[in-house]
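What follows is a set of notes on a single structure, which appears directly below.
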């Protein structure tokens, strides 16, 4: 009997193994794992959905949380009134909490960006060490946990915890996702287009979430929008696990060691890009928490208008992304110029916001701000990838962690600082200050003018990092390239080095990219 049982168990194990191998073969036959083009497309979908989820979760609470917290506060006040049974104490307590209410909402909104800001230097280094797929999978899991916590939170402390957990997940998922796109799309035109698509999803998530959250909250309750997002997050996590195979893929072992994040931070070119990303996002980050009150006071706007304030801006944002990708493909050496145009657009639009008298007029500067942000982001995010390729090692975790830190600085300050500035100085002064900052920073992007000229070869990258050329061959090649740029060099036939220019050119072409 024992031998029969053993034989049956062996047969079952063999049949199970053969079925698993058949499933594996069928999966391979789909072509998504083997065909690099299709795999890149699937990876782009996974990353875009992760970015969409993160930004929807970031903004979906805008119409829900203030109203929900107010309900919690009223319930607490009623309970207190029953206990105390005196009108005097009840009114003073309510005034005290009303004073803290705006601050509570501001801190809750900012907590995600603050934690993301603190974790990003660590997550960038972690991504450089272990690759892009494991951190992306970890980030999706943490975001799933955060979304469920939001759905079932019953008090301020739990909401604060959910918001902070989301910041932790975003520090991994956002940075790893953008870095994964930069790593898989190595050709400049492709990379610019792929990052543009990712930015369009970020914009769509941010701008469609408030109406999505508001409508579902009103008709289906607080939990439904969060549960829908949790389901999408779960599907994206499963897709990530099946396509990227984060725990079986060991390609990372053959990849170079990335440049430490502190070295990238002190690179002047990267610092200029990071500064531009922070300053261009300040108007959006500072207006989001303050514009609703201003619209109520100055326009007597109703709730649907406040809920729909940012939604029309999605269309000019996508138009801005599309135009920048097309222009970058045609004139790649002008990326800095597109960023500068975007900053001037943002500055001019920000200054005109306080002059608006009705909802229709307000749409124009808000669309202008989002159009400008699309130009800056779409031009400068691929530039960060180029800078790492040229001046450092082509590992992208830390450099896109710096980009994420730049966004987080704006969004961490916005909910906490903007309300205080409006209270102390006024809404007009806030907008003029933000507009002026953008216009004044735009000329700093001139420093990026020669970035594409650095691109062609890896030997040039090494020379930028070392004291000088490391050998005679590199020295001659560098001198010849400088002469070629000035139009002084033809060939070096008379010295008997007939094949040298040809060799130099082919090396540049093979190692460097299309701008040689």
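Every residue, even glycine, has its Cβ placed from backbone N, Cα and C.
Since the structure is predicted, the reported quantities are computational estimates derived from the model, not experimental observations.
Listed in TrEMBL for this protein:
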TRANSMEM  42-65  transmembrane segment
DOMAIN    43-516  domain 'Major facilitator superfamily (MFS) profile'
TRANSMEM  103-122  transmembrane segment
TRANSMEM  134-153  transmembrane segment
TRANSMEM  165-182  transmembrane segment
TRANSMEM  194-220  transmembrane segment
TRANSMEM  226-244  transmembrane segment
TRANSMEM  264-286  transmembrane segment
TRANSMEM  306-325  transmembrane segment
TRANSMEM  337-356  transmembrane segment
TRANSMEM  362-387  transmembrane segment
TRANSMEM  399-422  transmembrane segment
TRANSMEM  428-448  transmembrane segment
Averaged over the domain 'Major facilitator superfamily (MFS) profile' (43-516), what pLDDT does the prediction give? 80
Report, as numbers and ranges, which residues of the same chain sit near the transmembrane segment (362-387): CB under 8 Å and 6 or more residues beyond its ends. 178, 182, 188, 191-192, 195-196, 199, 203, 207, 267, 269-270, 273, 276-277, 280-281, 283-284, 287, 295, 299, 309-310, 312-321, 323-325, 328, 335-336, 338-339, 341-350, 352-353, 356, 396, 399-400, 402-403, 438, 448, 451-452, 455
Which residues, given as numbers and ranges, are at least 6 beyond the ends of the transmembrane segment (103-122) yet have a Cβ under 8 Å from it? 58, 61, 65-66, 69, 156, 159-160, 163-164, 166-168, 170-172, 174-175, 261, 289, 401-402, 404-405, 407-409, 411-416, 419
For the transmembrane segment (264-286), I need the partner stretch with the highest count of C-beta pairs below 8 angstroms, choosing only from 42-65, 306-325, 337-356, 399-422, 428-448. 399-422
Count the CB pairs under 8 A between the transmembrane segment (165-182) and each of 42-65, 134-153, 194-220, 306-325, 399-422, then give me the winner. 134-153
